[in-house]
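A.B. asks: Have a look at this one.
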Amino acid sequence: MNVNQTMADNQQRCELKLIASPGSWRLYSARKIDERFKSYEQKIFQRDRYTCQFCGFQARLYQDIVNLDGDYTNNRLSNLVTACCFCAQCFFVESVGVGGYGGGTLIYLPELTQAELNSLCHVLFCAITNDTGYKSSAQNIYRSFKFRSQIVEEKFGEGTSDPAIFGQLMIDSGVNSEEIREKLFKNIRLLPSRAKFRKQIEKWAASALEEIAD
C-alpha cells in the first residue's frame with residue numbers, strides 16, 4: 001500500500017469540522033462513563049499513540065474518543081479516533097459549556113482552520129500557565145482571538161458566539177444539509193476557553209515542565 005496515500009486519506013478523514021446534532025452528545029457521554037468501553041478506549045489510544053488525530057496534540061491525560069462519521073452507534077475501531085478535549089468538543093457544539101462540559105466561544109477566524117487554532121491554543125495556554133517569557137505575547141494573541149466573537153454576534157445576532165446557543169439554533173431550525181451547515185460555519189471557529197479547561201491545562205503544562213527537566 002502507498003504510505004503517502006494512506007497518510008493523505010488519514011488527513012482527509014480527520015478533518016475537523018464544527019457539528020451540532022441532536023442525540024449524539026447523549027450517546028457519547030453515556031459511553032464515556034461505561035466501564036465496558038474503557039478497555040476498547042485504551043486500544044484506540046495505544047493505536048493512535050495518545051495523539052489527537054485532528055490537531056496532533058499528544059498527552060496521556062484527558063484525551064477523548066470520537067466517531068469520525070458522527071454516528072455514535074457505529075463503534076467499529078476504524079470509525080473511532082483519539083481527540084484532545086479541544087477537538088472533541090467541536091463534535092458537540094450544542095453541548096459546549098452545558099452541564100460542565102467543555103467551554104469556548106465562537107469566533108470569526110478565516111486565517112486558521114479549527115485544528116490549527118486548537119493546536120495553537122495548546123501552545124498559548126502552556127506558555128501562559130508555565131509563566132514563560134512568552135506569557136504576555138500568548139495572552140495578547142488569545143485576547144485578540146476572543147475579540148473576534150463580536151463579528152459572529154454582528155452577523156448572527158446577540159448571544160450567538162455562545163456555541164450552545166448557536167448549535168441549538170441549528171438543530172431547532174432543522175439544518176441537516178451538509179452544504180448549508182458548511183455555509184453557516186464557514187470561517188467560524190470554536191475558541192477553547194482557558195478558564196473552563198484550567199484543570200487539564202495545568203496538568204499538561206506540569207507534564208511539559210517535567211519533560212524539559214528529564
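Note that Cβ sites are derived from N, Cα and C of the backbone, with glycine treated the same way.
Taken from Swiss-Prot, the feature Zn(2+) binding site applies to Cys52, Cys55, Cys84, Cys87.
Where in this structure would I find these features, and how exposed are they?
C.D. replies: Long-range Cβ neighbours of Cys55 (Zn(2+) binding site) (same chain, at least 6 residues apart, Cβ-Cβ under 8 Å): Leu16, Cys84, Phe86, Cys87, Ala115, Glu116, Asn118, Ser119, His122.
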A.B. asks: Around Cys52 (Zn(2+) binding site), which residues of its chain at least 6 apart sit with Cβ under 8 Å of its Cβ?
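C.D. replies: Gln58, Gln63, Thr82, Ala83, Cys84, Cys87, Asn118 - these are the non-local Cβ neighbours of Cys52 (Zn(2+) binding site), listed in sequence order.
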